[in-house]
Amino acid sequence: MLYSNRTITESKKKKRKKRKKVYTNSTTVTMRIGLCFYLGTTFAAAMYILGAIEIFLKYLIPQAAIFHPADIHAGSGAMLNNMRVYGTICLTLMAVVVFVGVKYVNKFASLFLACVIISIVSIYAGAIKSIFHPPEFPICMLGNRTLVRDLFDVCGKTVVVGNDTVPSQLWKNFCSSENSSSAHCDEYFLQNNVTEIQSIPGLASGIIKENMWGDYMDKGQILEKASLSSVDVHGSMETFGFYVSADIATSFTLLVGIFFPSATGIMAGSNRSGDLRDAQKSIPIGTILAITTTSLVYFSSVVLFGACIEGVVLRDKFGDAVSKNLVVGTLSWPSPWVIVIGSFFSTVGAGLQSLTGAPRLLQAIAKDNIIPFLRVFGHGKANGEPTWALLLTGLIAELGILIASLDMVAPILSMFFLMCYLFVNLACAVQTLLRTPNWRPRFRYYHWALSFLGMSMCLALMFISSWYYAIVAMGIAGMIYKYIEYQGAEKEWGDGIRGLSLSAARYALLRLEAGPPHTKNWRPQLLVLLKLDEDLHVKYPRMLTFASQLKAGKGLTIVGSVIQGNFLECYGETQASEQAIKNMMEIERVKGFCQVVVASKVREGIAQLIQSCGLGGMKHNTVVMGWPYGWRQSEDPRAWKSFINTVRCTTAAHLALMVPKNVSFYPSNHERFSDGYIDVWWIVHDGGMLMLLPFLLKQHKVWRKCKMRIFTVAQMDDNSIQMKKDLATFLYQLRLEAEVEVVEMHDSDISAYTYERTLMMEQRSQMLKQMRLSSAERDREAQLVKDRHSLIRMGSLYSDEEEETIEVLPEKTQMTWTNEKIEAERRNRSKQEQELECHHCTLPTHDQSNVRRMHTAVKLNEVIVNKSHDARLVLLNMPGPPRNPEGDENYMEFLEVLTEGLERVLLVRGGGREVITIYS
């Protein structure tokens, strides 16, 4: 029913258009069914034409053969060449008739149907007549071997001419001389008698007992009757051509493939659906009645043939034992010519019908515009006749004609029709199991189990008949599916595979809810937080590049972003942002999902993403976010406060965190590192994240040739040698290849540089506390610090900031100063100068913690830069933010000092669980 929107007859074209969308299912499945049905119908045309030519050359006019065999042993090659020539001529004539107009084909349809009915009736009449008077078609047997009847006249070794007994023609065939001497005769001929039996004993003969069981033969095997006595001696190979033998090796699987095309007409009603008043009612009833009628005819015919005809004659393919008569024709009444002529016209008619239906089916598929390279076949003549589709159909049918052997074309035809029926049953079963709302079959007795059974039987028959043809046919169907999927085709009837995918996804998500993944299966499921510019473009695309290199297409990747504003007003921006991110994900080859949220504050939106992204067990366990570049230059603290707030959110959610710093210097997917190191600075244990990330990166072609080095820090009282041995053993158990180095950090006095960096940090903090002052006062305070002390740095040495530097011009403000304000300003300046002059002195007690932290950061940075200045990537433990929010700015300064002078840094913070294990 999937093709009820296509019709052959043009008389009801308008009605067909109205029903165009009724019987369609899913795009990809429908296209596969359609193309398999088209190819099957096209090869059916070739098969019918070959059948008609075979009847024409074998039984109607054998004298019309162009090629003749050189001897009786070389007849098959000449016959195949004759069928190729006459088949091509017949195909051309039929194509011309179809091109002229389908109305001429329809006029002959009744005649062809009458021929089929008369032939069937004549078979039943002949079977009934054989009960009382079997037809006279004797066959000649030598021993138990069947002889070719048209090579001799009398079934006997000698004949009586007058009063003399002389050798017969049969004797001359097996003996080298015409005298009665036995010295020059075939040994088997001499040892066995010649007998004559009836080829059609009749319905009452009981021959069905002998024909009940199978008797499959090899190619070249002589047809023998087991019930006849025979002396088993080896005869001469020169006399092999006088026996009836099998021209192909037969088996159950081969015969299934040859017989199956006789049952391929059950979908013919779908092609005529446009001519029906109520197609939804008529097609099921007509199809079931057609199957029932055909099955009764086939089964009864098989029983009648087995009960009436001798077994060796049934296996005689071309009727050689009955003087080149059609075997079925010998049973028919009143004459064998009824079957011969009826079979010829019925095969010609079937070929015309196939050549008429196949081009229209291809035209319908082309007009659906699903497969681009088929679009040209959607065009035709002004009256809608599919000219180009007819041309392609003729060329494909010619391939079948060139094969020339019906026994080889029939299995090919069977494969395409079986694939077609398989997908029809699959589509019905899937739609029922998914409970698709629009799947509402009218057939009362339908059940999905019937469709599943039919699908299983089709698949089994494909491999039973010909396993190699089945694999080729399934490969063709798979390529069609992937091509349609690649083109992204989607029509008004939707995609049924999508429903199956949703059902499978739901089942998998429910299974994942059982619990968290085992440590062996843990991999980073990323939530990548992106920043968009004013034009809603991705500001740092290398974030996606890094994600694609880390994931290599595996696991979950969610790319999120936040738009500040009101959702009701920013819906259009949200859609544009999602599209921009998806386009960038496609460019950077990131396979994942995109989610953009609108929030009044950016940090609230980020918190929403961290909490709500993912579904069920498919949730992120790692957050990737960018470094807040330019946080020192900006007077607006929201940038770095959002950064620290995100760090706190990931810690609270027990998620891992990765911050790629200087991300603009990270390699693209097109770059290749031919050497270099990925350095891991393992300061504190984080569950193995630092160990696992380099391994995952090295799976990508960009980092594949880089080597891994692991550095750990030891104090003076630690045993460095033992630490190195323990770490090397641990890496060996983890099956990770890496160089191990233990770095000793000596206790030293706090340097003046440390005091300077600490004071610079505190000076900036003090300056930002003056944010509540007026704009003019704020500018004056900043300028005072800059001019007098030059201690406030406004940039990092190795910043990969790609934003444009925005110069903020000071506002011209006029203010009235009172004497009190002037005096207070002088006292404030004097106090700041005193503090700056003694900045080398010991800081107050409450600032000693800042000094210690800065000292650690400076010393660690010196060691890292010394050891890893040439590394391709440095992975470093990311310290946690302070519990007191008042120290957030100092925390940012510590991170800057810690990573200063490094080109590519990845700050990593574990999620509080083990992510790597020594067990496989």
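Cβ atoms here come from the backbone N, Cα and C positions, even for glycine.
Noted in TrEMBL for the protein shown:
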TRANSMEM  22-50  transmembrane segment
TRANSMEM  85-104  transmembrane segment
TRANSMEM  111-132  transmembrane segment
TRANSMEM  240-267  transmembrane segment
DOMAIN    249-527  domain 'Amino acid permease/ SLC12A'
TRANSMEM  288-314  transmembrane segment
TRANSMEM  334-352  transmembrane segment
TRANSMEM  388-406  transmembrane segment
TRANSMEM  412-433  transmembrane segment
TRANSMEM  445-462  transmembrane segment
DOMAIN    541-659  domain 'SLC12A transporter C-terminal'
DOMAIN    673-779  domain 'SLC12A transporter C-terminal'
DOMAIN    806-920  domain 'SLC12A transporter C-terminal'
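Cβ atoms under 8 Å from those of the transmembrane segment (388-406) belong to residues 39, 42-43, 45-47, 49-51, 54, 80-81, 83-84, 87-88, 91-92, 95, 98-99, 258, 355, 358-360, 362-363, 366, 376-380, 412 of the same chain, restricted to positions at least 6 beyond its ends.
Within the same chain, the transmembrane segment (334-352) packs against the transmembrane segment (111-132): three or more Cβ pairs sit under 8 Å, each pair at least 6 residues apart. Under DSSP, the residues of the domain 'SLC12A transporter C-terminal' (541-659) split into helix, strand and coil as follows: 57 helix, 25 strand, 37 coil. Sequence-distant residue pairs (6 or more apart) of the transmembrane segment (111-132) and the transmembrane segment (288-314) include at least 3 whose Cβ atoms are under 8 Å, placing the two stretches in contact.
Long-range contacts of the transmembrane segment (240-267) within the same chain, counting only residues at least 6 positions beyond its ends with a Cβ under 8 Å from a Cβ of the stretch, are 3, 37, 40, 44, 47, 71-73, 76, 142, 145-148, 151, 173-174, 214, 216-223, 287, 290-291, 294, 298, 312, 315-317, 320-321, 406-407, 410-411, 413-414, 417-418, 420, 461, 464-466, 469. Taken together, the residues of the domain 'SLC12A transporter C-terminal' (541-659) have an average pLDDT of 87.
Counting same-chain residues at least six beyond the ends of the transmembrane segment (288-314), those with a Cβ under 8 angstroms from any Cβ of the stretch are 120, 123-124, 127, 130, 134, 139, 146, 197-203, 205, 207-208, 210-212, 215, 223-225, 244, 262-263, 265-266, 268-269, 321-322, 327-328, 330-331.
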